[in-house]
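K.L.:
Pasting in a structure now, in structure tokens, and then I'll have a few things to ask.
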Amino acid sequence: VCAQLGISSRQHWQKVLYKRQPFPDNYVDQRFLEELRKNIHARKYQFWAVVFESSVVIQQLCSVCVFVVIWWYMDVGLLAPQLLFGAGLVLSLIGYVLFDAIDSGVGRKERGQTRWSDLKSSLVFVAFTYGFSPVLKTLTESVSTDTIYAMSVFMLLGHLIFFDYGANAAIVSSTLSLNMAIFASVCLASRLPRSLHAFVMVTFAIQIFALWPMLQKKLKAQNPCSYVGVTLLFALFALVGLLTISSVGAILFTLLLASISFLCPYCLIELQLLKDNIHGPWDEAEIKEDLSRFIS
Amino acid sequence: MVFKVFFPICCSAAESGLLVGCWIPEQNSVVILAVIHFPFIPGQVKQYLSDVQHVTQVNMSVLGSWCNSKQEKEEGLDKFLEDLGAIFSHNPWVLLSREKGSKFWNCSTIWKRSSGNEEDEIILVYYDQRKVMLSELHPPENLATSTHCKADDASKLTAVFDTVAKSKILFMTDQYDDGPIKLTHWQSEGVEASIIVELMKQASVPACTLMTFLLSVVSSICKSRVLKFWPLSFIWSKLSTCEQLGHRLEHLQTISSIRKAKTQAQLMRKANIFVSLLVDVALGMLLMSWLYRKNRIGQLADTLIPVADHVAKELQDLLQWLMGVPAGLKMNRALDQVLGRFFLYHIHLWISYIHLMSPFIEMILWYVGLSACLGLTMALSILSDIIALLTFHIYCFYVYGARLYCLKIYGLSSLWRLFRGKKWNVLRQRVDSCSYDLDHSLLALCCLQSCCFCCPRLHCITWCLLW
């Protein structure tokens, strides 16, 4: 040790690999811990801001809930398909007008989308779904109903898991989540009494799983106050719908929503205090530049 | 030194006479090539030997006398033989004699030198003249390193072999030649026995030429452009009869080619093809003689239609079973019905076609049977074609099933990629992520679900039909 110290006093240690130095490979000097940093990525969260952000999850949960409730009504025959179709049409038109009105048509111009193309694609939808509904109806005839239910549950869960809530993670895939939702809707629709029911059900699924989140996203970006109002209304609607089917389910769903929107943000903020991340020269190298523009 | 006498086996039965051969003084050995029989004129013998020597470059001379006494030993013969040595002066003079009823031969030498009074040992070596003539002695490879004694031995033997090989011309004269001198040595069997073969050899050349011409005409017709268009060429490739005909044409061309076979293998190949052709035709003839006796063709035709009917009925039963609940598997009913009816209709069509054909089947079989005279293989290939044509509907099912199955697998794989929001990038040969439009994904999803739920059904049908 004395000899080593003698050497180190004479020769200064450098953190480089290209020089031959009289130190062992794992040698570090006293300055090693000087570069230690703690919690550099920790953020200070505001409680209400977190609650506001969690509303996306609430919305999606409510969408699934509303979809299942509507399906149940159709299955038992309490809701006529014509009525649902009419309501869906009217609501879609209102949403379409709103969609343009929120940013006064700026987004549409940016994407170069015309009203004609919108109309065309919606017509294709309706025609195709209508034509295919008898096939969809008979497709799963020989499959057991329990299998269908299990498959739908898994698909809806997958939809909730893979949905794009705004997080930047690898698991997020909006196409996959939408596909899974529509798959579930087709599965459930095949259990309805007639092919018209199936057609209306699939249309409704597209409205609530594809169009409704688009409107929400825009609303949230442009007009946060009204977004909160819409979310509350939607959640209330879902809860009431569920209450008419089963009170226990409604209570559980309320608890779930409350825990997601209030308990989880509270826990997040509380647990931030316990955060103890250390950073230093031993960290892996990180590529700072955004390379995604080269990849795509 | 040991005195060696190389004596050909074929001469051991020769009549008495003179031994003709070659004297190799370095090795103290005598190679006897032939025996000249007794009534001869010495001048002619000398003349003959010098002629032969001129041609073969072998130092031939009269070496001694050969006595094969069939009768009792005559008095004075020994003396005569010894006197011969005086006429054909040669040193040494070999006296070989074989006595009747005795296994032992007498062999002695007379040396002119008075000093050579010592009794030499004599070794009589028999050799097969033909084999020695045709073979060649190769000296051992590591000649320099091995002992010199062995090398010397080898070179001595080589000299003997060379001598016999060089005097090949001597053996060409056969025993029926009426020359002034009668010789005994190895000789070929003579040409008289193979006159027929010779005649055939002579005749085969024009026959082969004619056949080659005919075959080239036939093959040029076969290769003509008219027969190469798409549907025809496809049919040719599918029919085994055409393939068989092609093979047969090729074989005939090989046999009848005028060029001489260069190697032994080629010759064997030609002979092999020829014999197989003959056997084939013979078997075909047998088959024909069996078929055209006792109206067997008619019986065959009568049994063919019921068999086809039976097969069709079995197939129909199978399809009915598949359209229900095969092995307890519940399947997609609508698809079931569609596919099942399609196949049933197919079978129905086929059966009606066969019934339409039934009056002509006997006639067709009669003419087809004639093809057996071209060979058994031809008949068999035609039979295989007929069976293939009779079971054409089953083949059709197979093709449909395979196509459907392939389509389904391909569709499922690409739709599964679409379901995950990916697509196959053809340019980069990999799977890329891709954001689809809403209508695309909906359409694809419906297709995926159809595929998914029809999958087990199709599996079932395909496997049953393929089996």
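Using the three backbone atoms N, Cα and C, a Cβ is placed for every residue, glycine included.
What TrEMBL says about a protein is an automatic prediction, not a curated fact.
Below are the features listed in TrEMBL for this protein:
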type	residues	note
TRANSMEM	A:47-73	transmembrane segment
TRANSMEM	A:79-99	transmembrane segment
TRANSMEM	A:119-136	transmembrane segment
TRANSMEM	A:148-167	transmembrane segment
TRANSMEM	A:174-192	transmembrane segment
TRANSMEM	A:198-215	transmembrane segment
TRANSMEM	A:227-245	transmembrane segment
TRANSMEM	A:251-269	transmembrane segment
K.L.:
Counting only residues 6 or more past its boundaries, what in the same chain has a CB within less than 8 Å of a CB in the transmembrane segment (A:148-167)?
P.N.:
53, 56-57, 60-61, 64, 67-68, 140, 173-174, 176-178, 180-181, 183-184, 187-188, 190-191, 209, 213
K.L.:
Thinking of Cβ pairs under 8 Å, which stretch from A:174-192, A:198-215, A:251-269 has the most of them with the transmembrane segment (A:79-99)?
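P.N.:
Going through each listed stretch, the top one turns out to be A:198-215.
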K.L.:
State, in range form, which of A:47-73, A:119-136, A:174-192, A:198-215, A:251-269 has the highest count of Cβ pairs under 8 Å to the transmembrane segment (A:227-245).
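P.N.:
Checked against A:47-73, A:119-136, A:174-192, A:198-215, A:251-269; highest Cβ contact count belongs to A:47-73.
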K.L.:
Any chance you could find the range in A:47-73, A:119-136, A:174-192 with the most Cβ pairs under 8 Å to the transmembrane segment (A:251-269)?
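P.N.:
Highest pair count goes to A:47-73.
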